[in-house]
Amino acid sequence: MGKTLYQKVYDSHIVFQKEGELPTIYIDRHLVHEVTSPQAFSGLEVAGRKLRRPDLTLATMDHDISTKEASIEACSPMAKEQVTTLMANADKFGVTLFGLGHPNQGIVHIVGPQVGFTLPGTTLVCGDSHTATHGAFGALAFGIGTSEVEHVMATQTLKQGRLKTMKIECTGKLQKGVYAKDLILAIIGKLTTAGGTGYCVEFCGEAVRSLSMEGRMTLSNMAIEFGATAGMIAPDETTFEYIRGRLYAPKGEDFDKAVEYWKTLKSDDDAVFDKVVTIDAASLEPQVTWGTNPGQECAVTGTVPSPDDFADPVVKKSCADALAYIDLKPGQKLTDAKVDYVFIGSCTNGRIEDFRAAAEVIKGRKVAPGVTALAVPGSMWVKAQAEKEGLDKIFKEAGFEWRLPGCSMCLAMNDDRAPAGKRVASTSNRNFVGRQGKGSRTHLMSPATAAACALTGHITDVREFLK
Ligand SMILES: CC(C)[C@H](C(=O)O)[C@@H](O)C(=O)O
Ligand code: SF4
């Protein structure tokens, strides 16, 4: 019997296996940020251990830094401590750090691929749940807890059980105005937030093949939002061309050899998945969340559901609770919901193509009165590239704030927060209660849809602007 892509990568990384114990796998790449690394580094120090492979470890700062000023002084006291601790640890343990102001600094899941640290067929971990992002390259990538971070630092290995496999086949091509973000929201809506628990999913089909690497990363990024541990995509020419020439990517003959190997990284025709799901991507409309988890979503043209639409008492209650928090009424048109804040950024949608897509919508237009709109590039490279293309001017002239890279309003851990009772059109990945600020209300959507919301001041079908 053939193997799935996941099984190929997993099996090739087992270094130790004992009857009755979880296998130990080798970890090729370890990404580090300021929030989940301090205890791990101090654990190493207390135990008198060295960092086993500084050359396979890469650090950046993103979660709680200021997006107004690239300075430690602009951070909150807690952020200041985390940031300075990371600087000291990077120094002590010999880790490359893309710190504040560095041309490669940015959100950890944007930086890894951008510098060619993320490669097909590797195992990649980070103390962060959205590590699944890197699966878009055919890497086995998943988030780990702080004690596991320490384990990887000390041994470059991890105990990791075998996952179940799910194939998510996305048929047809996405229509104009419909993006990878809409596809992944629709997938989560269909599977629910627990539908992927215990699985490594593989996204495939024509809609996935025709996505750029950036779109593929948006898909894999949100695999965790339906409970999957990892979300992989088989590498192809699009992947190889994206990697070619990047800072840490293999060069010359080594690159050609790597590509030969990478070409074998796909599920065999006779591989058997534990579960297969099909999504008709061609018929999808732009999607928006209406509730307080990413699976509570529907087409932007839809209406808010009623708790009575659901038979399961748990789902019924979760719908009622979500509507009470988000202040929407059953049967109300989603496009009637007024928007106070717009956030374009995060590791889901903070890449250059995201800013190009949003700029296409807002070019020559103005943000609606009363709306606060933030454009936060995911990395210094994205920012520089956007500025080279004149996108920053388009955003600023429309009335957006053009910020420095960081996680920003994706999570209320830094100074970028939405006040209680305010509604945010957001390109991030989580719409949990209080996620963007205590009492704030989040609607997840694509960058183009968020841009359209900024212009009208309410939830909007972006296709009206793309005619
Ligand atoms: C702070 C960090 C541990 C957290 C995560 O693991 O996902 C954050 O990135 C998030 O998106 O909520
Ligand atoms: S952008 Fe948001 S989801 Fe991504 S790593 Fe930062 S906080 Fe987590």
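From the backbone N, Cα and C atoms, a Cβ is placed for every residue, glycine too.
Annotation note: CYS407 ([4Fe-4S] cluster binding site) sits in a coil segment as assigned by DSSP. Listed in sequence order, ASP62, HIS63, ASP64, ILE107, SER346, CYS347, MET413, ASN414 are the same-chain residues at least 6 apart in sequence whose CB falls under 8 Å from the CB of CYS407 ([4Fe-4S] cluster binding site). What TrEMBL records for CYS347, CYS407, CYS410 is [4Fe-4S] cluster binding site.
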- Within the same chain, and leaving aside CYS347, CYS407, CYS410, name every residue whose CB is within 8 angstroms of the centroid of the CB atoms belonging to the recorded [4Fe-4S] cluster site, in sequence order. ASP62, HIS63, ILE107, HIS130, GLY345, SER346, THR348, GLY350, GLY378, GLY406, SER408, LEU411, SER428, ASN429
